[in-house]
């Protein structure tokens, strides 16, 4: 038996595989529990803005409401429309959910706390978020109904439009950090920046990219709303126009998978905002007692702050018209983000502070 554990098959393949599977299962469990409470927080924030209490019956202060909703969805019978393509109809929500979860494989929640610390992590997330459109298009087409199909077409145009702006945001961060590795981007915000230049390196929050790249932070925030079909850009699911959008024919577990994929994608965008612009797991001030707090706590607080901004947009901003949405993406954000790429590159080059 000891000889087996010394074999290259065990040390080089089986053991790393077991560790990776265990890490993935742990991340999945933690992420799904976090999504349950993020969904509850979304409803509570919306209720507070409208001077309501929100969910408050299931468990103390409504803390178990999301788990009751899960049970309700699972116990319902899934109904497939008679004219629908059954295989594609059932595959669509699975594709949407799995792709959203796969993005978390490269997101570091603390120093060395990441499943796959690849050097192109930010491009991997960008690619995965682009692929998630296929789940929506498949669901809209397979439903064999005009409302889901129209919503799927809207979604395709909307996500393509705002991915361009997010791409330019990524380029500006790449220029400042000198790496596409998400952990390296966080570390770059620890060792260089405005606080370092003025001789106060312990003021870590001044090193974060939200300050020098503030216009791009705003572009990223608004583009994240559009990319994840959140209000005021929820034209894909506009209740007053398309009933429930591409999900109108779905119920039971398939509908739950679509909703889960949507909220995981929102959480991914919040995590990206925390990593790219707010220093990831870094404390705002690198002095006691702030640096005594575990990095994963700081990361979680920043993620929830980003989600709070997204939830408030749902509560206070009216929905855009479709032409306004397209005009904002192509005529405002695209020129602005392109100009910022040129400005950031020029400043870094001529000031002599470009990363080596």
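Including glycine, each Cβ sits where the backbone N, Cα and C put it.
Here is what Swiss-Prot records for this protein:
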TRANSMEM  18-38  transmembrane segment
TRANSMEM  87-107  transmembrane segment
TRANSMEM  120-140  transmembrane segment
TRANSMEM  166-186  transmembrane segment
TRANSMEM  202-222  transmembrane segment
TRANSMEM  257-277  transmembrane segment
TRANSMEM  292-312  transmembrane segment
TRANSMEM  333-353  transmembrane segment
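Same-chain neighbours of the transmembrane segment (257-277): 31-32, 34-35, 38-39, 92-94, 96-101, 103-104, 107-109, 122, 125, 129, 132, 135, 139, 169-170, 173, 182, 185-186, 208-210, 213, 217, 220-221, 224, 227-230, 247, 250, 299, 302-307, 310, counting only residues six or more beyond its ends whose CB sits under 8 Å from a CB of the stretch.
With a cut-off of 8 Å between Cβ atoms, the residues of this chain six or more beyond the transmembrane segment (333-353) that come close are 162, 164-165, 168-169, 171-172, 175-176, 192, 197, 213, 215-216, 219, 222-223. Only residues 6 or more beyond the boundaries of the transmembrane segment (292-312), in the same chain, are considered here, and those with a CB under 8 A from a CB of the stretch are 38, 41-42, 45-46, 49, 109-111, 113, 221, 224-225, 228, 230, 266-267, 269-271, 273-274, 278-284.
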